[in-house]
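Encoded as structure tokens, the structure appears first; notes follow it.
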Amino acid sequence: MDVLIVDDSPVIRQLLRHIIEEGGMRVIGEASNGVEALRCIARRRPDVITMDIHMPVMDGLEASRRIMEEYPTPIVVVTASYSLGDAVTAMQVLEAGAITVTPKPQGPSHPDFERDVESLLRTIRLISEVKVVRRFRRRQGKREEVQPPPPVNHEHEGFQPGVIAIGASTGGPVALKELLQGISRKTPCPVLVVQHISPGFLTSFCEWLNQVSALPVSIGEYGERAERGRVYLAPDGCHMEVDRSCRISLVNGNRDETLCPSVSRLFSSVAKNFGRNAVVVLLSGMGRDGAAEMAELHRLGALTIAQDPATVVVNGMPGEAVKLGAARHVLSPPRIAALLNELPVQSCV
């Protein structure tokens, strides 16, 4: 696998080169800014690009836009900063077509170095398999028309959704943003979200969502009762569950767990405590986290929705749900929001 490193720091480029080559991949070039990156890509055509955000001449955002317009290539944003400003820029880079964001390893002497290295290498290997498409900039002021949603299919008497549970991973932040932008403030029940995201990035991600979401977004706290018309994100390193009174429970994950928080754990608690009176959604993501539990919820009669493969970055989680016959509807994020807006307001817990 051929990797291009784009970072304005020679020290970071050297560190990333060492990590990537020790991981069995080939570094085919280095660039200190976006202009150099575009020249290198035109000549060498890497399989994956690691992209810094802040660089002179051309930053990571503009470079990613240009790359996805001219030479579509899987991009992983590698950043050392989790400030709100950088979170907003990182989300814009994802909207431009980058696949995911991961932390820069902090040097061999740092206690989390080995974990960060393994996370970076795993991310590079995984995104190399993603089929990216050419992205063109949307004209300012031009909004996509959202088709009307399908009717909420009441297959049983007394459908009363008490909770909306959403699972997402790679590609999920942008999909979640699009969904939350379209959802009504009159949403009849709490919205609980498990989004796989790099450790340390969640607080800024939450603040970024609050800038675009129609509903207030916060990080769930142990013992908190989830309220209608609010969105709760699972915290870093904790599985989030919910009981039948919508009280949030947090369970610390083991350090060696690959997925924590887990969509499966959230969906299992929803199945146990709400059964048919739940709405569950799987957005873009690698793997199959939550798919089997969505199938069980579908069997119980819950309203189950998977993101349309035409709109996902990675069709792992929603695609697996569709394969299992677990998705009652397969929709784009704006149409998912439109469908959620059709839920009966009086059915709230």
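Positions of Cβ are set from backbone N, Cα and C atoms, glycine also.
What Swiss-Prot says about this protein:
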{"type": "ACT_SITE", "residues": "Ser169", "note": "active site"}
{"type": "ACT_SITE", "residues": "His196", "note": "active site"}
{"type": "ACT_SITE", "residues": "Asp289", "note": "active site"}
{"type": "DOMAIN", "residues": "2-119", "note": "domain 'Response regulatory'"}
{"type": "DOMAIN", "residues": "157-340", "note": "domain 'CheB-type methylesterase'"}
{"type": "MOD_RES", "residues": "Asp52", "note": "4-aspartylphosphate"}
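Annotation for Asp289 (active site): same-chain Cβ neighbours under 8 Å, separated by at least 6 residues, are Gly167, Ser169, His196, Leu259, Ser262, Val263, Ser264, Met317. DSSP labels the residues of the domain 'Response regulatory' (2-119) in these numbers: 55 helix, 24 strand, 39 coil. Of all the Cβ atoms in the protein chains shown, 25 others lie within 10 Å of the Cβ of Ser169 (active site). According to its DSSP assignment, Asp289 (active site) is coil. Shown in sequence order, Val6, Asp7, Asp8, Ser9, Ile12, Gly60, Val77, Val78, Thr79 are the residues of the chain, 6+ apart in sequence, with a C-beta less than 8 angstroms from the C-beta of Asp52 (4-aspartylphosphate). Along the domain 'Response regulatory' (2-119), the predicted structure has mean pLDDT 92.
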